[in-house]
Amino acid sequence: MRSVKVNTSTEYDILIGKGLLTQVGKEVSKRVAPCKAAMITDSKVDSLFSATVALSLADAGFSVCKFVFPQGEGSKNIGTLSEILEFLAENEMTRQDIIIALGGGVVGDMSGFAAAIYQRGIKFVQIPTTFLAAVDSSVGGKTAIDLKAGKNLAGAFYQPKLVLCDTNALLTLPKEVFADGVAETLKYGVIGDEKLFHKVESLEFMQDLEETIEICVSMKRDIVMRDEFDNGERQLLNLGHTLGHSIEKLSNFTISHGHAVAIGLHLIAKAAEAKGIAECGLAERICKALVKNGLPIQTDFSVRQIAQGAFMDKKRRGGTISFVFPEKIGKCRIEKVPIEEVGQLVTVAMKSR
Ligand SMILES: NC(=O)c1ccc[n+]([C@@H]2O[C@H](COP(=O)([O-])OP(=O)(O)OC[C@H]3O[C@@H](n4cnc5c(N)ncnc54)[C@H](O)[C@@H]3O)[C@@H](O)[C@H]2O)c1
Ligand SMILES: O=C(O)C(=O)C[C@@H](O)[C@H](O)[C@H](O)COP(=O)(O)O
Ligand SMILES: [Zn+2]
């Protein structure tokens, strides 16, 4: 088993290994005395893993209850959040009890937000079951729901007590859901790890997923420890997201987060190259790596639609939006773009297909 220590406002371990779902009870009880455990999961994950996790928790002395919501981004809203909060109250969960978020990024983001606000904060554990959640969303404490106006517009920074990633759980992922996590993995490569990028473009990363996950979460850990509340360096982790989130929302979430980020990555690389920020050939290299991993690189939405959606980005301050631009593989920089220039930036990104 691999272990990565995070030292943010809360200290916690990220445990990565095969078969860890059966160890949930043992690992949680090392950190939190047996109490009530509310498992929160989606319909698909419930059918796959709930029984194993519930049994492991019960064996370790936890009293388990479970809330299940329909799978998919369409559930990541105030309605489901409200149902979760009512469920916690109906089950008389107190601040000594714990939430177990079992699933992908949707489960993790929403359970984390519920944990942050229920009784002003109760403990929670992340058990990522998608590759995306393993490499990215289960770590770092960004929790959120979507609003009608856009992605992740309500949320909190709230760190888990433990992240427990069973790589065997990833074996049941459909190819395209696995690819969502590859988009975020490539993102880490472009932000700061040329070697990782090469492993993804050559598909070598598949040979040791535990190592790949450890590399990604270690990079995220280091960045989040320096800027937990997203005021500076952490914004680098948003590479590809300003346009990606816009596309995801425009598609009414029929395009997944990872697929939208893939398109966003490609577009911003083309814009960076056209603006002379990125070295020549960068967009092409990113494009090839995405395609090789079964990810999309373009969209039919219009420049106006994409630019408009980007105005809701949380890196906007007044009349400017901070964009993350790649300079070369392994190096990015953040630059403020006036909102009246965003249309031009998207035009340039869409042109050079
Ligand atoms: N908080 C963060 O830092 C952060 C980072 C990246 C993404 N996110 C958020 O994460 C979400 C995307 O997460 P996601 O890609 O995990 O999507 P998801 O949670 O919707 O999961 C994708 C699909 O896979 C299914 N699934 C989950 N585990 C499975 C398994 N082991 N086998 C078979 N099917 C399985 C789910 O039921 C779902 O249908 C978005 O809402 C995004 O905004 C948050
Ligand atoms: O952890 C971060 O910081 C990230 O930006 C990681 C992203 O992959 C993730 O999609 C995040 O939820 C986006 O953040 P947002 O602030 O744009 O909602
Ligand atoms: Zn993301």
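Residue 1 is the first one shown; counting continues down the chain.
Glycine is no exception: its Cβ is also placed from the backbone N, Cα and C atoms.
In TrEMBL, annotation is done automatically, which means it is predicted and not curated.
The feature domain '3-dehydroquinate synthase N-terminal' is assigned by TrEMBL to 67-178.
The NAD(+) binding site annotation in TrEMBL covers G105, V106, V107, G108, D109, T129, T130, K142, K151. Cβ contacts within 10 Å of G105 (NAD(+) binding site), excluding its own Cβ and spanning all protein chains shown: 27.
What TrEMBL lists as domain '3-dehydroquinate synthase C-terminal' is 181-315.
Annotation note: E184 (Zn(2+) binding site) sits in a helical segment as assigned by DSSP. According to TrEMBL, the Zn(2+) binding site annotation covers E184, H241, H257.
Across the domain '3-dehydroquinate synthase C-terminal' (181-315), the model assigns an average pLDDT of 97. The record gives E184, H241, H257 for Zn(2+). Within 8 Å of the mean position of their Cβ atoms, the other Cβ atoms in that chain belong to L132, D136, D180, A183, K187, G240, G244, H245, G258, A260, V261, G264. Taking all protein chains in view, 31 other C-beta atoms sit within 10 angstroms of the C-beta of V107 (NAD(+) binding site). Ranked by CA distance from V107 (NAD(+) binding site), the binding-site residues E184, H241, H257 have H257 at the top as the closest. With respect to G105 (NAD(+) binding site), the closest of these binding-site residues in Cα terms is H257, chosen from E184, H241, H257.
In three-state terms derived from DSSP, T130 (NAD(+) binding site) belongs to neither a helical nor a strand segment and is classed as coil.
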